[in-house]
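Below you'll find the structure, written out as structure tokens, and then a few comments.
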Amino acid sequence: MTPTHRVTARLQGSDSQSPPPPVFAGASGTSDVWAPSPPGLVRAPSTSGSPGQTRPLLLCPVPARGPVPAAPPAPRPAPQQQSRAGELGLRGSLKLWKEPSGLLSNNKITGLRNGSFLGLSLLEKLDLRSNVISTVQPGAFLGLGELKRLDLSNNRIGCLTSETFRGLPRLLRLNISGNIFSSLQPGVFDELPALKVVDFGTEFLTCDCHLRWLLPWARNHSLQLSEHTLCAYPGVLHAQALGGLQEAQLRCEGALELHTHHLIPSLRQVVFQGDRLPFQCSASYLGDDTHIDWYHNRAPVEGDEQAGILLAKSLIHDCSFITSELTLSHIGVWASGEWECSVSTVQGNASKKVEIVVLETSASYCPAERVANNRGDFRWPRTLAGITAYQSCLQYPFTSVPLSGGAPGTRASRRCDRAGRWEPGDYSHCLYTNDITRVLYTFVLMPINASNALTLAHQLRVYTAEAASFSDMMDVVYVAQMIQKFLGYVDQIKELAEVMVDMASNLMLVDEHLLWLAQREDKACSGIVGALERIGGAALSPHAQHISVNSRNVALEAYLIKPHSYVGLTCTAFQRREVAAPGARPAAGPGKRRGVASPVISAGTSGCGAGNLTEPVAVSLRHWAEGAEPVAAWWSQEGPGGWSSEGCQLRSSQPNVSSLHCQHLGNVAVLMELSAFPREVGDAGAGLHPVVYPCTALLLLCLFTTIITYILNHSSIHVSQKGWHMLLNLCFHMAMTSAVFAGGITLTNYQMVCQAVGITLHYSSLSTLLWMGVKARVLHKELTWKAPPPQEGDAVPPAPRPMLRFYLIAGGIPLIICGITAAVNIHNYQDHSPYCWLVWRPSLGAFYIPVALILLITWIYFLCAGLHLRGPLARSSKAGNSRVSLEPGEELRGSSRLRSGGPLLSDSGSLLATGSSGAVPPGPPEDGDSLYSPGVQLGALVTTHFLYLAMWACGALAVSQRWLPRVVCSCLYGVAASALGLFVFTHHCARRRDSKRRSYPLHSASLNGGPKGGRCDDASAEAAGGGCMRTGLWKSETTV
């Protein structure tokens, strides 16, 4: 029979004479039944008793076999005793003869106090695993001098120092794995001289420079690191055993990796003004240099109670975590944006962000919009202001393009700002929709080395052979980047030079517009030119003193020479006729736009500077295109890159060849004024200044109101027939000019529409000026007309001259000019400029010269009419009665009811006495306005004329100028357009009484026999014998 050994220990409440008890959550007083214990240990239940009374605990080693005797259940302890379940102390003497051990695992022990195990000097094994121990006070294991094994695994211990394990001189095995610490302080095992095996693997263990001390210390003390001690961080050492690493592998380099970094809330928050929102940021604590900072839209955040920002001091938990809290107690619109929690250490920084959207009482929205670009077709929904919207990228699951590193992303983003306007979207995470662009992008992602550079270059050359079909500027950008990468291997692989020249030659087949866009985007053209210039210096060597590479569009030749023996170099290149012209950016001059009209030749040196040339570089180039005003220029690599004429002079120019001298080396060409140019980035299709549209709308409203008024009231408005036609046509063509200008001048993306806009503007501008000229001629003839001598007998008035002659002049001449211009070359109306208008050279003969002639004739009429009004004839005419001057056989509009009454209305509203028969003598061809005198009519026409010229000139400058002049001219256009519309409406409608009353044909004149002053009532109507009409409540104040 196996003997049993009884060991008696006493468990009692703490008193003043006993050492402080350990914190054992649930160690006693929690069970009222006997429970079997592992072999060698049986725990007896506690018995109830009064406070302070001794409660025996029986630890009885028993045989592994045999039943455990049952015992009656003990009564449940009182609540006061249960409340002390986690604060019980072990006291007394423990005598073990065989297998002395303590098993306290799987309980709820939360901490170990100083001296918790005093009196257990013979204990050799202590098992405290799988508790919730977070605090181990220094000296907690004092009194365990014979302890050889200690298991503290699977707890929540974060702070460990050398004082933690004081009093364990014979400890051989230590297991502290599964806790929450991430590193160990140097010297933490100094109080364990006999330690042989240690296991401290945790899910947060960071194998960096802070653990480098442990490896030499373990070798010096013959300490074995358990094979279960695995690294969790950094990622490159994940799951590797710490004992198998070298000291050099434990370093603090690279990006900061934190095992814990949380921001609550982590998702975007939409709140209302006045709400309260707390933030909490928790991160790994790596030492005293770890601290948390807060940022709002990248600006540091400081605590400010008045502003509603409450920032608490950072707290450190269990030497492993650091926490900071930020509270926004009263949120305003200022709180919108990104809030960032940044963890800073000596090694680096790590941050978490969350977006906050503050809604106002009246929130605005961005409208639904569709965007199509080289990344796909995106339909952005109606979005609340301040919100960032996301759209899934269009994926290509069956594409044959291998993507290195996986897909670049799955979503595009676009923000709606606070004002309800869309910001530019971020589409960089989406694949390109074009197959060629995706393939070229893949080439850029591939690593290049000396072994695969030539193979990749041959593959890329195959794709550039179809460069004429490139439709995206990024195609040129990616090929340019690859050419610059290949340049680094030309000295090792001589064949690369020929392949690179072929690729550059192929790119010259790309549309000029795309080349220009690529230059603006990434200076792609400058990069290609620079790479070709450096090929010679990279490929030449003492063994290869000459290279010559010819391709379809590029010829490259380089020599290795000695500087002291160099006296000069002559280069002659022959160009094939079918060679396409290299695309290049035009040079903009004052009022001119030029493009490359010849091949581009480059001369340079490599390895030595060549400045201050004693003689200029002489170049002769044959023109490949016809143009005007040739200029010598060289390609400048500074800034955005482009053609510059500084330092180059044109010595002679013939129709097919030009000679020029340059004071520096580089790429030289001849620029001419051509008929087609690439559009500027951002200008094609761009809108006009916002002030243009409302002012144009006001002008159109006034003009069409005038037109409709004269059409509806044509029987009551006292103007002649030709005056009525001229006014309506003038208003209509001014309206056409302004409407087409505001609505279509920038529609350069649509060639046919742009050409139609240019033709319409050309016609309406000329027609408007011609109608003004016709009106000026009629007014001048009215003032200079003399009545014919009286003839005996009844005078037969001549037949009226038809109005067709005015339409043939004011409408037919512009149609002929526009038709001839378009028939010669329809592209004269669209030249890839930022606006739809005539090309500069054709516009001289088709517009500016005719306009100058029309203005000259019109101003002569104005001058003659003005001089006549100031002359003696005008004064004598004022002394007598003025008369209505009409076309022979023409009647004044609105006078059909007066023919039986005799007299007609004159310019001033008075009557023209012509006898009882009421016959009207023939008059001059004039406007025949019954309310305005000729002087007033002339002033109104001159004012309208110059306001229209000012509006046209300011509108032209508004689309052709840049920056500040463009804004100023747009504002001046708005002022001129508004003034023109208001003046026309006021003069022709608002100030005319006869245009206000459509119901009454007689408004401003009185009949023979009527009362003086034109007043008409029932009594005067009877006295006049019917000569006065009933007009309701209206009474005219016109003086007879």
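In case you wondered, yes, glycine gets a Cβ from its N, Cα and C as well.
As annotated in TrEMBL, transmembrane segment covers the listed stretch 750-772 rather than the other ranges in 474-496, 750-772.
Here the domain 'G-protein coupled receptors family 2 profile 1' (340-434) is broken down by DSSP into helix, strand and coil counts: 0 helix, 43 strand, 52 coil. The transmembrane segment (750-772) shares more Cβ pairs under 8 Å with 846-869 than with any other stretch in the list 691-712, 846-869, 972-990. Highest Cβ pair count under 8 Å relative to the transmembrane segment (972-990), across stretches 691-712, 724-744, 806-826, 938-960: 691-712. Long-range contacts of the transmembrane segment (846-869) within the same chain: residues 762, 765-766, 769-770, 772-773, 776-777, 779-780, 783-784, 813, 817-818, 820-821, 828, 838, 934-935, 938, 941-942, 945, 949, each at least 6 residues beyond the stretch ends and with a Cβ under 8 Å from a Cβ of the stretch.
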